[in-house]
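What follows is a short report on a single structure.
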Amino acid sequence: MQSKGTIISIQFLLRFLLLWVLIGKSHTEEDIIITTKNGKVRGMNLPVLDGTVTAFLGIPYAQPPLGRLRFKKPQFLTKWSDIWNATKYANSCYQNADQSFPGFPGSEMWNPNTDLSEDCLYLNVWIPTPKPKNATVMIWIYGGGFQTGTSSLPVYDGKFLARVERVIVVSMNYRVGALGFLALPGNPEVPGNMGLFDQQLALQWVQKNIAAFGGNPKSVTLFGESAGAGSVSLHLLSPRSQPLFTRAILQSGSSNAPWAVMSLDEAKNRTLTLAKFIGCSKENDTEIIKCLRNKDPQEILLNELLVVPSDTLLSVNFGPVVDGDFLTDMPDTLLQLGQFKKTQILVGVNKDEGTAFLVYGAPGFSKDNDSIITRKEFQEGLKIYFPGVSEFGREAILFYYVDLLDDQRAEKYREALDDVLGDYNIICPALEFTTKFSELGNNAFFYYFEHRSSQLPWPEWMGVMHGYEIEFVFGLPLERRVNYTRAEEILSRSIMNYWANFAKYGNPNGTQNNSTRWPAFRSTDQKYLTLNAESPKVYTKLRAQQCRFWTLFFPKVLEMTGNIDEAEREWRAGFYRWNNYMMDWKNQFNDYTSKKESCAGL
């Protein structure tokens, strides 16, 4: 039989436990419902590893760009009175899905996984628990060539990064393709760069609201991959964006890459071409815009694919443009003038940046075989990827990447075309961008990612592909059910720590003394760190010879031989005319001679 004292103790304990549950419940609800400048939002707690992360998915940050707002800059939101239920991802922005390899995980993983809609301007926030105070914020911008992409892909899930590094992770949707980048420069109804202005408005939202989530608006790092990295570097160049963030991470992309920004004339020509295809050729811009706004978005999607010739690969149909507003000049010019945000940057590339593009139409390439191509197929590939380059220019590439090496291996042409595309489009522009930054005394860090994921569904010959460092940045190998190796989990934790340290302190080494310290990148020695499942190593001057070819030699070849094809055509036409004249003269002379001989016999 229990004593009276024991009963009292049990009652006290039960009351204490009840009070603890109630307080805990109240505290949890307080953390899950946050008051933003536009109204309250409700998130949800997610179990992550041995703890919890609170996720807010699908928070609106702009008015839906529908009807008369199509093609315009994003508009500020009005307030709402109810609690916004931010517990599932929102719509993805309209885009053409990749249908090249139906059902294949390697391509399907990048396709949108939520409904497509023009009502797509939403963002996501992951915060560690308990809710932090003044935590560093990392804002992710997805890639996709400015034509595709969505923040809801599993590979962009911010929960592991938030949990392990106790940072706040934010991602946003932005408009892509013609709906995001159609441009009639100078016309406020279709200014161009709408997708970039979407991103910029999301950055403003973070500045106004992130403190309510426990974040520090004065410690905000942008990070992105491919066109997302191109976007990040454009924010570094844009005076309007510069006050909205602190640091920047560029993964396999930069704004000075040949695909990143197009000229005003090219942007307008593509707009008028799309208008023609879609039946909106009108007498003036006002009528064109009115017609385009009345078209079904699916019709716009189908026709925007036709704007660039189908035999041209690695092209951006609609992308960033120098509008005099978001972007005041071409990135190369702004870099030369030093007109960019003075801050710290972390930049890097993957070992085999080119292979991801080869299986989408390069002659002789396939994901289903070893793609051992011939010299002729290599030359045909150069024609496709360098459509405006003279034959002399293409021969210079062939000589430098193949003939000069005297490589006798069967795979030499395959590997050479991978290197050509990777160096020209990704690696050398990224190195040039980093060099220009560091020359003005800004701290820069460069990495070379060389680990091929054990879960990669693409064939072995494609190597360490474009885009496949992202899963390690976001901590996917920490999910035990996915069967990554232990070494890959360690690599992922290391990369997350480097990224978070950089975001917090401007230095990936953080405040700890690691066994291998990541040195700053200087224009003189160009030190960089390898990231792999073994041990990181420091080297200097990544692909320096190849990048000198692209930055110094190749432009001179184009300058000297750019008109040779045209000159040759003119010469051939002239020769043909001369040859015809000569044949005509010869016929007339023969006729004259025969008549003369006839006359002589009379």
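From the backbone N, Cα and C atoms, a Cβ is placed for every residue, glycine too.
Since the structure is predicted, the reported quantities are computational estimates derived from the model, not experimental observations.
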Could you tell me which of CYS428, CYS599 is bonded to CYS547 by a disulfide, according to Swiss-Prot?
CYS428
Which residue in the list CYS120, CYS280 does Swiss-Prot annotate as forming a disulfide bond with CYS291?
CYS280
List, in sequence order, the same-chain residues at least six positions removed whose CB sits under 8 Å from that of CYS120 (disulfide bond)?
PRO64, ALA90, ASN91, SER92, CYS93, TYR94, ASN173, ARG175
Sorry to bug you, but what's the C-alpha spacing from ASN284 (N-linked glycosylation site) to CYS291 (disulfide bond), rounded to the closest Å?
11
Disulfide-bonded residues listed as CYS93, CYS280, CYS291, CYS428, CYS547, least Cβ neighbours within 10 Å:
CYS291
For the recorded positions SER226, ASN509, which one has its C-beta crowded by the most other C-beta atoms within 10 angstroms?
SER226
Nearest of the recorded positions (GLY144, GLY145, SER226) to ASN284 (N-linked glycosylation site), judged by Cα-Cα distance:
GLY145
What is the nearest of the recorded positions ASN269, ASN369, HIS466, CYS547 to ASN134 (N-linked glycosylation site), using the Cα of each?
HIS466
Please report the Cα separation of GLU353 (active site, charge relay system) and SER226 (active site, acyl-ester intermediate) in Å, rounded to an integer.
10
Translate the DSSP assignment of ASN269 (N-linked glycosylation site) into the three-state scheme.
helix
For HIS466 (active site, charge relay system), find which of the recorded positions GLY144, SER226, CYS280, ASN483 come within 10 Å, Cα to Cα.
SER226
